[in-house]
Amino acid sequence: MNILDDLKARGLVYQTTDEEALYKRLESPMTLYCGFDPTADSLHIGHLLPVLMLRRFQLAGHCPIALVGGGTGLIGDPSGKTSERTLNPTEVVQEWANRIKEQLSCFLDFEGVGNPAIMANNYEWLGTINVIEFLRDIGKNFSLGSMLAKESVESRMSRGISFTEFSYQILQSYDFLKLNELYGCEMQIGGSDQWGNITSGTDLIRRMSVGEDRQVHGLTVPLVTKSDGTKFGKTEGGAVWLDQDKTSPYKFYQFWINTDDRDVVKYLNFFTFLSIEEIQGLAQEVESQPEKRNAQRMLAKEVTELVHGVEARERAEKISQALFTGGIANLTAKEVEEGFSDVPSADVEDQEMLLVDALIKVGAVSSRRQARESMESGAVYVNGIRQTDTTLTVAQLDKIESRFIVIRRGKKNYYLVKLV
């Protein structure tokens with residue numbers, strides 16, 4: 001099967017240049033690229049779709065280039081932005097670029113036989129560029145009218161856009177040209193907001209290769225949306241990162257398992273490597289047995305394992321199951337730290353402290369009276385076990401690896417006692 005057929009079946013193709021020519025070209029191996037600017041020290045799930053697109057092309061026998069924007073990251077892409085980006089110091093951007101390189105290595109095979117992926121950093125050519133030569137040889141191929149007409153620029157004109165960000169599309173176009181010259185790269189892929197920058201690159205290569213048979217292509221993926229109208233990739237706690245130190249595998253797993261029924265089939269197509277037939281089967285279950293949430297569980301399993309590995313995925317599933325069944329006592333200290341990293345907590349040194357007082361210290365209740373009433377009514381659980389004895393001390397309670405006590409008051413309010 002031509003990879004374009006699979007991508008279209010999954011809804012992953014938003015726009016392409018000359019689709020017929022691209023389809024024919026993809027019948028044999030080709031080199032393509034996608035760029036990732038280091039705007040933070042980690043990629044987030046908004047980057048996941050294009051990253052997985054590179055992986056899909058590699059699995060189909062093509063050669064992907066992951067381009068880290070060590071140079072363009074110093075400028076800032078205006079696409080999709082309503083205001084000027086904050087410019088970061090060079091050393092910070094290069095440090096972030098190195099961390100992003102490490103993350104990309106988890107998704108692509110850079111040492112495989114036949115079609116190993118290529119890692120590049122555009123700082124290699126943008127960092128040493130000669131301004132006069134660049135304006136003479138590259139700048140003359142861009143008309144001000146076409147640059148102003150690009151959506152990423154036009155949408156910012158009323159609010160103001162600096163020459164720095166205005167020139168970004170020229171730099172991205174130059175990247176495509178350099179990768180074409182260095183590696184024979186014939187296609188750039190990106191999000192739908194990158195269409196203007198991508199076509200600027202194809203136009204530049206065409207103008208720079210008059211008389212040569214150099215045909216290049218562009219492909220964009222759709223914007224990932226949520227049916228409830230909220231922004232994809234954002235939670236109450238902020239962005240969902242691919243770095244487990246910024247978003248734990250458990251929180252990452254929870255993001256996917258909480259997917260709306262209206263979105264889950266789309267996300268299975270976008271973010272997993274399950275076959276179209278497997279996804280169709282899960283889609284039928286969403287219609288006939290939505291309460292089982294099998295599609296959401298499969299989505300969370302596949303994406304968490306893809307990003308964080310089998311062990312982290314199993315740990316996330318274990319924490320989720322413990323919270324659902326009340327089996328907190330079966331968790332390890334590491335799992336407790338991961339699963340309860342953002343609940344109210346307090347350090348307790350005196351293990352002779354009454355549980356009633358520990359409830360006050362972690363913020364579960366505001367007074368001893370409220371603590372006693374909550375316990376006597378059966379609303380307080382310690383490590384999954386209901387506690388009604390108001391005379392209990394911390395020392396008398398079971399602990400997780402002698403380090404933690406997990407308190408639940410009511411159905412969903414959790415608190416963590418850390419023994420020090």
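Along the chain as shown, residues are numbered 1 onward.
Each residue, glycine too, has its Cβ placed from N, Cα and C.
Note that the coordinates shown come from a computational prediction; the quantities given were computed from them, not determined experimentally.
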Annotated motif ''HIGH' region' segment (source Swiss-Prot; candidates 38-47, 198-207, 208-217): 38-47
Motif ''KMSKS' region' according to Swiss-Prot, located in which of 231-235, 301-305, 311-315: 231-235
Other CB atoms, at most 10 A from the CB of GLN172 (L-tyrosine binding site): 27
Separation of alpha carbons, LYS234 (ATP binding site) and GLN172 (L-tyrosine binding site) (Å): 27
For the motif ''HIGH' region' (38-47), the number of residues DSSP places in helix, strand and coil: 0 helix, 1 strand, 9 coil
Beyond the flanks of the motif ''HIGH' region' (38-47) by at least 6 residues, Cβ under 8 Å: 68-70, 73, 76, 85, 88, 93-97, 99-100, 103-104, 224, 232-233, 239-243, 246, 255
DSSP state at TYR168 (L-tyrosine binding site), helix/strand/coil: helix
Secondary structure composition of the domain 'S4 RNA-binding' (353-419) [DSSP: H/G/I, E/B, coil]: 19 helix, 21 strand, 27 coil
